[in-house]
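According to Swiss-Prot, the feature Mg(2+) binding site maps to 45, 84, 115. Taken from Swiss-Prot, the feature 3-methyl-2-oxobutanoate binding site applies to 45, 46, 84, 113. Feature annotation from Swiss-Prot assigns active site, proton acceptor to 182; the stated evidence is sequence analysis.
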């Protein structure tokens, strides 16, 4: 098994091949998405809402992230593991940002992701200097949704578009190996992709990026609420309910466990 590395990601980028990233938060899902052939597995702080039942990503702690990164790492995937740095884990100081990034790597992450542009460039640079690859995240940055006026499309105005491009260039200069663009106007994401020299991984930001990412629970129809840009490929939630209903019916009728299911 040849492990996917940053060299492989950059090779795909330079060859014009689309890069695929999907979230996973535990051992079995990491095994499955890796078998599907994704390039990167993102252990995202989105786990707070889709797995832990938190109202937002802001409640996710380093303890939560370390637990789930370690679970994914135990699956020993070929895909590169990217661990999210949760809210409050990198904003205070460069030293704290590096310390928490190191903890995620010790848990099994092979790169870390953090939200923000120019204002976090110093933290990005410090983490990169510590030898840890960093993925940036611009556009709809859920950890900062209150400051941005909620969950809304970014890049609709000329000023926002200019700021996003400036932020992307600042992140590139700080040393990121890629940048997630979330819920950004497609034309703006296209311009950013054309003007930076690192891959852009988009979610709800159009088809002109270097790659795409989706939350596994959105792909499978497991999330109670999915954003408008998330395509559902299978209604797994409905299938699970039907399967458990069938089990319950068979238990109550005495049909289960039938012959062959006991000794």
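Cβ atoms here come from the backbone N, Cα and C positions, even for glycine.
Residues 44, 46, 57, 60, 85, 86, 87, 113, 114, 137, 142, 143 surround the recorded Mg(2+) site, their Cβ atoms falling within 8 Å of the Cβ centroid of 45, 84, 115, which are themselves excluded.
All protein chains considered, the CB of residue 45 (Mg(2+) binding site) has 29 other CB atoms within 10 Å. Over all protein chains present, the Cβ of residue 113 (3-methyl-2-oxobutanoate binding site) has 26 other Cβ atoms lying within 10 Å. Residue 182 (active site, proton acceptor) sits 13 Å from residue 113 (3-methyl-2-oxobutanoate binding site), counting Cα to Cα. Residue 113 (3-methyl-2-oxobutanoate binding site) is 10 Å away from residue 45 (Mg(2+) binding site) when you measure Cα to Cα. Neighbour count (other Cβ atoms within 10 Å of the Cβ, all protein chains): 29 for residue 84 (Mg(2+) binding site). In this structure, residue 113 (3-methyl-2-oxobutanoate binding site) is part of a beta strand by DSSP.
Note: the Cα of residue 115 (Mg(2+) binding site) and the Cα of residue 46 (3-methyl-2-oxobutanoate binding site) are spaced 13 Å from each other.
All chains included, 22 other C-beta atoms sit within 10 angstroms of the C-beta of residue 182 (active site, proton acceptor). In three-state terms derived from DSSP, residue 84 (Mg(2+) binding site) belongs to an extended strand segment. When the Cα atoms are compared, residue 113 (3-methyl-2-oxobutanoate binding site) and residue 84 (Mg(2+) binding site) turn out to be 5 Å apart. The binding-site residues examined here are 46, 115; by Cβ neighbour count within 10 Å, the least packed of them is 46.
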